[in-house]
Amino acid sequence: NNNSQRRKRLGMYFLESDDRRTALGGGYTRGSTPVNIRGKPLSEPTMSRTGGWIAAFFIFGNEMAERMAYFGLSVNMVAFMFYIMHRPFESSANAVNNFLGISQASSVLGGFIADAYLGRYWTIAIFTTIYLMGLTGITLSATITALMPNQDICDQSALLMGNCEPAKQWQMLYLYATLYVTGFGAAGIRPCVSSFGADQFDERSTDYKQHLDRFFNFFYMSVTVGAIVAFTAVVYIQMEHGWGSAFGSLAIAMGMSNLVFFLGTPLYRHRLPGGSPLTRVAQVIVAAFRKRKVSFQSSEYVGLYELPGKRSAIKGSNKIAHTEDFRMLDKAALQLKEDGASPSPWRLCTVTQVEEVKILVKLIPIPACTIMLNLILTEFLTLSVQQAYTLNTHMGHLKLPVTCMPVFPGLSIFLLLSMYYSVFVPISRRITGHPQGASQLQRVGIGLLVSILSVAWAGIFERYRRYYAIQQGYEASFLTPMPELSAYWLLIQYCLIGIAEVFCIVGLLEFLYEEAPDAMRSIGSAYAAVAGGIGCFAATILNNIVKSLTGNAEKRRPSWLSQNINTGRFDYFYWLLTVLSIINFCVFLYAAQRYQYRAKQEGEIRDK
């Protein structure tokens, strides 16, 4: 009874006052009302002329071009550094992995800027221009001969022996600088585009959930189309017209998408930035620490603090109901008699502000469990290509370039998304009873499970491929394709990882958008990008650990990840990834079982 009374007191009794100074200094706003580009609330007639699917399609174009550039760089930059800049393959792959990791992990910066100061539209507008500047710089590095080492006396044998003239330090410095300018631009675009697109739909609509579900599927389809173009058209341009034309095509596509994005400006709905989320988080931590010794039973305890009515102290945010999680943070909202009528926000926070911090913490385990999938995706970009170099890539009379092989996961994603609502949803709805066929976390779990199958098959096939290469006398010829063994056996692992990516990443993006606090949705979306960046870094770290533990130069024992794939043991490495993926999947099941969706949790609180 005492516990029940205490829960009721904490959950229902809030002290409300109009005299409190907000942490933002910008007054109050009612809920997450859409506004125009000038920050003025949209009237009902204006709402009918803005947002919706038409506005979303203008945003899709920007994401398609950004993903086309991202995958175009990821698949071509390693080869460019190796063949043109004469860098070792291993260091080239690590450099590109680090670039990909930094561009994704720094997405939290873009999310912070959007949520705190600029809003999502202006953040995209600024960073997409920076992205274009970086791509232009990369194009120049592949076009101007002064920015490249001498190519005259460098055939394939000299390249493999490391006898080609290496790039000068200042040439590599310029290339890295343009790469990281591009990565910085991507960091501002990636966390905002999906959230800004989802902002175009009216939360009051009865079919809002259905629109949101379809939006994230179409959004990821645009990502896939960009990837397919990068793995086919851009590779073709590189082979026929050179590196400068290939990178230049990425810059042209980005410039055209920027133009389309700006043309859609009159149609967009906007959300007010809610002020610095890091400041609000810091205020909760400081206020809770100051009152850490105060008991909820103290005679000085007045109640948990919140504003009256429907107004929120956080611009662009609805109020959030109190929950029983992380009770130590509730002390930041404890109203004591000594706090007075107008306490400092560093001493007293609203319940909504405290709940924001709780939500951010509760979200972390789910995207953290997708790091393993992103690690596998990163490994597949390099390891599968190395496998393909030893296999026959002919399709009838057509010879498919090895660098085009990663297009097959994209094709499988495109086909699956095309059939998602006509095949998967009706079948799964009968099994689960869920309106969308499966909940967001169920889709993430399906993706993680399929990724295990993908990497396990990769290990099985690599064992067979390596055995075949040794038996047929190809052990030393690791760049010579074996005509009797088709590269299309790789399609199984490619298609499985594509299916895994659809379920996991699309489900994760929708989950983070819906579950994140209203004024922190860009940061919520950035969680997915950060998980991707950590996956890239983790791939580099894991590769270095495996090489150091399994290789021994003194004993002439090659590592599992030897540059000569036929003397290495890629199969062992794939099975190591399989074991790590199974462990990760078990952790996800535990985290998903404990997680309670916000809508369900708030409904239970209202029923008390």
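Quick reminder: no glycine exception, Cβ is built from N, Cα and C everywhere.
So that you can see what the record holds, here are the features copied from TrEMBL:
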type	residues	note
TRANSMEM	68-86	transmembrane segment
TRANSMEM	98-118	transmembrane segment
TRANSMEM	130-148	transmembrane segment
TRANSMEM	173-193	transmembrane segment
TRANSMEM	214-237	transmembrane segment
TRANSMEM	243-263	transmembrane segment
TRANSMEM	363-385	transmembrane segment
TRANSMEM	405-423	transmembrane segment
TRANSMEM	444-461	transmembrane segment
TRANSMEM	487-513	transmembrane segment
TRANSMEM	525-546	transmembrane segment
TRANSMEM	572-592	transmembrane segment
If we skip the immediate neighbours and take only residues 6+ beyond the ends of the transmembrane segment (68-86), which ones have a Cβ under 8 Å from one of its Cβ atoms?
92-93, 95-96, 99-100, 103, 131, 135, 138, 142, 148-149, 151, 154, 159, 164-167, 171-172, 175, 179, 182, 186, 226-227, 229-231, 234-235, 238, 243, 246-247, 249-251, 253-254, 381-382, 403, 406
Taking the transmembrane segment (525-546) as reference, the highest number of CB pairs under 8 angstroms among 173-193, 243-263, 572-592 goes to 173-193
Does the structure show the transmembrane segment (243-263) and the transmembrane segment (130-148) touching, where I'm treating 3 or more Cβ pairs under 8 angstroms (sequence separation 6 or more) as a contact?
yes
Rank 98-118, 363-385, 405-423, 444-461, 487-513 by Cβ pairs under 8 Å to the transmembrane segment (572-592) and hand me the top one.
444-461
Which one, 130-148, 173-193, 363-385, 487-513, has the most C-beta pairs under 8 Å toward the transmembrane segment (214-237)?
487-513
Going along the chain, which residues at least six beyond the ends of the transmembrane segment (405-423) come within the CB cut-off of under 8 Å?
71, 75, 214, 217-218, 220-221, 224-225, 227-228, 231-232, 380-381, 384-385, 388, 393, 487, 490-491, 494-495, 497-499, 501-502, 506
